[in-house]
Amino acid sequence: MSDTLTDPLLGRVIDGRYEVRERVAAGGMATVYLAFDRHLEREIALKVMHPHLEVDPRSREFVARFRREAKAAARLTHPGVVRVYDQGTDQELSYLTMEFVEGENLRERMAHEGPLALGDALTTAEHVLDALAAAHRQGLVHQDVKPENVLIDTDGRPRVADFGLARAVTEVTSSTTGTILGTVAYLGPELISNGISDARTDVYAVGVLLYEMITGRQPYTGDTAIDVATQHVHHDMPAPSESVPWLPPEIDDLVASLTSRDPAHRPADAAEALERLRATRELLDDPTLDRRADPPSGQIPAVGDDDATTVLEAAPVGATVALPIGLGHPFPAVGAEVVPDLPDDDPEAEEPRRADRRAGWWIAAILVAVLVIGGGSLWWYNSIGPGAYTTVPPVANETEDNARTFLESAGLEAEVEYVYDDDVLDGFVIGTDPSAQQRVLGGSTVTVFVSQGPEMFTVPSVVGSSEDDARAALAEIGFTIGEVTSTSSDTVPSGEVMSVSPAEGETVRHDEPVDMVVSSGPAPITVPDVSGMKQDDAVALLEDDYALRVTVETGRTEDVKTGEVYAQSLDAGSEARRTDAITITVSEGKPLIEVGDYVGLAVDEAEAAAKDDGLKVSLYPVWPWSSKTSVVDQSIFPGTAVEKNSTITLRYN
């Protein structure tokens, strides 16, 4: 039967603009058509949501996903991302219009080519990571990276499509519905266990994709989605060289780094993963890059593959499915649907049916036994066995409320402890005890360490204290001492703290050092020479310019005039400190001598005695005829103190 007869949208014009021409693909959520945009006169891809999802209240997540795709992809402008043009509704239909990429998807390419050449696989992964790096820079996680969402255009260039599951990286995506949407073969362990994902979850999916492109098979296979999901959570990714022995260890290392079960051991985002991939490629020679693995022998079972006798359909390998969060709970088989037998009106079939009913009783009895045993096993699994355990989700750098939500979603109790932290912002989680990714019993209490920001201290009053006392006071609070600078001061005694930075009373981080300025006392000076200066001039110079404390003394000297300085206690040119004391000696004149009694002495004798006493002598006769025999009078009375070299007149007869 043709598409025209089975699909009523073919030939229809959607929203008065988009002419539906051909059905391209169909999935569980939407059908994609090739359509013609009559306004812009170009071919586009038209993605139409299945109508029943619009009205089914159980499908709200699918509806939200569909509408989210346009917003998510519209934020991206990158040649490796399929562009979304428009979003709208037409009566009962919700639709997206997208760039039409002519070619095939990666799943189709691998279906007819088998494993890709190693170099081709690395190039494809490189393009995918480059596109995802753009998404991660915009704060988006794709969350459904798989071959079906990697389109190969006619030029052979890979393009990433379908951002329907994309969420903000800053949300550290967590499911609140109890289910996970995604393709189980490519889901990260953290998403399966806890419903939590970030950019590293996309990196994990690219690692699985790279493994599949190189080896031609998926790393984990099973009859149901749960089989595969369990292996993702509990087993390390097998090395590609286990399937393709000639692969170099660098490829094993690259895949292992991208698919580590612990997200902390993966590249932080697609950009970092891209750097690792390119660095690995540089290590490989051309012959190795040109090699291609042999196609896997036989059919490798994938999720939902059926044995020949199985009649129940299962989700195909690339299907996006819904899983309950956490592997400690029983899971339904993916896509399984119980269909009751219909009555058969053929009488000839009655006897076989009786035989079938007798066989049915035996089967029923066996099923009852299996259910009893299985029920006990299920009780053991969920009560004391592996199912009783859950994984502590990573909540570092989350808000307290988000951390509580994530832990409660994992079946754990949160106990918050507030601690200081220099790096994590106030109100955000530092870490947990037990730490992230540890397996613990469901219902256990996890201590969540929430940051109060850095511890803050107030600078105490230490100005005026000695340096030692100030150091002790700061250390007692918890401060470290920064730079200690000495500076001179005429007012602050040596050894006392003059100032601190940060200032007293200021509240600062505990690890901010406190600098101190400590007085070294008055500044050193060079003592000037004030000898020969007038007293007032010398005192002004020493006190005003050098801040010395001046004491004035007086004395007599033969060489310095009265009122002039002839001595100082601090030698000129010597070093002293401001406010030091200095004594200057100011001349009162020449030294004094006591005049002797020269009357009655012979003139020659009296003259000699006066000169010996330090006087100058002038002789004068009493009478013109005096014979110069003896002194009869002197001009200065005996015992009088006079300056040395003063003149005394002696009169003789």
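Glycine too: its Cβ is placed from the backbone N, Cα and C atoms.
Positions annotated as domain 'Protein kinase' by TrEMBL: 18-289. Across all of the domain 'Protein kinase' (18-289), the predicted model scores a mean pLDDT of 86.
Broken down by DSSP into helix, strand and coil, the compositional bias 'Basic and acidic residues' (284-294) contains 5 helix, 1 strand, 5 coil. Per TrEMBL, compositional bias 'Basic and acidic residues' is recorded for 284-294.
Annotation source TrEMBL lists region 'Disordered' at 284-303 (among others).
Sequence annotations record features per position, and here TrEMBL assigns transmembrane segment to 361-381.
Shown for the domain 'PASTA' (386-452): DSSP residue counts in helix, strand and coil, namely 13 helix, 27 strand, 27 coil. Here TrEMBL flags 386-452 (among others) as domain 'PASTA'.
Positions annotated as domain 'PASTA' by TrEMBL: 453-520 (among others).
Residues 456-467, 470, 514-524, 547, 578-579 of the same chain lie 6+ residues outside the region 'Disordered' (486-508) yet bring a C-beta within less than 8 angstroms of a C-beta in it. Marked as region 'Disordered' by TrEMBL: 486-508 (among others).
The feature domain 'PASTA' is assigned by TrEMBL to 521-588 (among others).
Among the features that TrEMBL reports, domain 'PASTA' is placed at 589-653 (among others).
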